[in-house]
Amino acid sequence: MKRKIFYAFGSIFLLLSLTACGGNNNSSSGKTSDLTGEQLFAQSCSGCHGADLKKGYAPDLDKIGSKYSSEEIQDIIEKGIGDMPDGLLKGEDAKKVADWLATQE
């Protein structure tokens, strides 16, 4: 009985976590928003990576700029990597977030 409850709660948590990462994101259609890279990150990425770029369940990004260039970050944003889905942001919006993240060293 305890095992069934554990699996039920685990499944619900996983489903909610994946839904949070998907976000309510209008920029995946390729339209460019008027938001800054930091604002786009807060809207589309902080649910998984944390509002302060760390302490989310996805990898910390507080020093990502010392590891990857803006172009590499944009490629990861657009194509996804590991458990990160692709296409959450595209085009100019992905570039804005990548440029902002590249300054995080």
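Backbone N, Cα and C define each Cβ position, glycine as well.
Please treat TrEMBL annotations as automatic predictions, because they have not gone through curation.
These numbers come from a predicted model, not from an experiment.
The annotation signal peptide is assigned in TrEMBL to 1-22.
In this model, the domain 'Cytochrome c' (32-105) carries an average pLDDT of 95. Sequence annotations record features per position, and here TrEMBL assigns domain 'Cytochrome c' to 32-105.
Positions annotated as heme c binding site by TrEMBL: Cys45, Cys48, His49, Met84. Reduced to three states, the DSSP call for Met84 (heme c binding site) is strand.
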Worksheet item: Under DSSP, the domain 'Cytochrome c' (32-105) has how many residues in helix, strand and coil?
Response: 37 helix, 2 strand, 35 coil
Worksheet item: Which residue, of the binding-site residues Cys45, Cys48, Met84, has its CB surrounded by the fewest other CB atoms within 10 A?
Response: Met84
Discussion item. Please give the maximum pairwise Cα distance, in Å and rounded to a whole number, for the heme c-binding set Cys45, Cys48, His49, Met84.
Written reply: 10
